[in-house]
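Since the structure comes first, as structure tokens, the remarks are kept for the end.
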Amino acid sequence: MAESLERIDVKLSPAPDARMPLMKSKGGRRQGDTWVVSVFVIIHIGVFIATMLVNDCWTNSHGDCLLQTLGRFSFQPLPENPLLGPSQSKLDEMGALRWILLTEQHQTWRLFTFPFLHGGLFHLLLNLSSIVYVGVRLEREFGPIRIGIIYALSAFVGGLVASLFLRNTPAVGASGPLYGLLGTLLSELISAIATLVFVFVCNFVLGFLPYVDNFASTGGFISGFLLGSVFLLSPQLQPVAPNKGGIVEYGVKSYINLKLKKKLDRPVLRIVSLILFGLLLAGCLVVVLHGININSYCTWCPYVDCIPFTSWHCKDTEASYNGEQCSADNDLYREWQLQAVSEYAPAAAAAAAAAATRIRCLRITKPRSIK
């Protein structure tokens, strides 16, 4: 009997190590341990309020705004911004990601500011609700430190990937870190695939509108998946069935399989994922810093990020009023001094060099004379 008990003690010793200590579930954490997601949400909301305050549609757009009762916080007209948000020039001013600023003016700080900006109220609500829904669960499970690292790195890498394809239209939004969290969910191999697909599709479809960058989402998703494989991967160990006496049997074969599986799960997948993430990060940095235009090798890539529609345009060199292109033929333009217009569009910059004016659409509610 003593010999039998000794055998049980020896053979059951691997059981407590079935999950690696570093990757142990944090399901028992307190509610307050979700502070990282809460901080990011508060920052996003604060930055959006500040952006709308700076935008001041009532003053800068001569009162032709959506929901004018909001006064200074009223939105730009739908043809200009279908997401219920600020103007393009104010997004640039607040730190939107734009190719010419990143490469020619070396404003690399925009890689850190653009994830906190949003194209509009619709964009903000969908991003934040998705981040809260996905991020709180991950933070409770794995803790704030690791989720905070994944969030920040996914935002940065997403911005780099967006810069590979971005040219003269601003990109804003937390799609990069959001898709990083979704990639983390995928790496964890959770069962709620339906939730992942729903959030993915909803945010990706929103990316076909102006100002929301799908390439940042793609970069964030890939980086989140790889980083999740590095930080969150747990060994996939199968339980050993008990014998007829109800005692777990760890035979020689089971013990060898257990040790082999743990050795494979611990280093190999993490090393491969870390190498792939390093290649992604280094490759994006090299291409961005050398100013290589990926769009010249991919003619259909711009349509992944924005699909033109009758109510808006995907190129910031095109201006419209009520869905109609501004031109000399329909008298929908006049010359204005340098204000409330994006400072970085090539066409506008050329006009400014010729004469210190820019072409801008008239947004009027009734005919009036042009002085």
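Including glycine, each Cβ sits where the backbone N, Cα and C put it.
As recorded in TrEMBL, the features of this protein are as follows:
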DOMAIN    106-232  domain 'Peptidase S54 rhomboid'
TRANSMEM  35-54  transmembrane segment
TRANSMEM  116-136  transmembrane segment
TRANSMEM  148-166  transmembrane segment
TRANSMEM  178-209  transmembrane segment
TRANSMEM  215-234  transmembrane segment
TRANSMEM  268-292  transmembrane segment
Checklist line | Three-state composition of the domain 'Peptidase S54 rhomboid' (106-232), taking helix and strand from DSSP | finding: 96 helix, 3 strand, 28 coil
Checklist line | Rounded mean pLDDT for the residues that make up the domain 'Peptidase S54 rhomboid' (106-232) | finding: 86
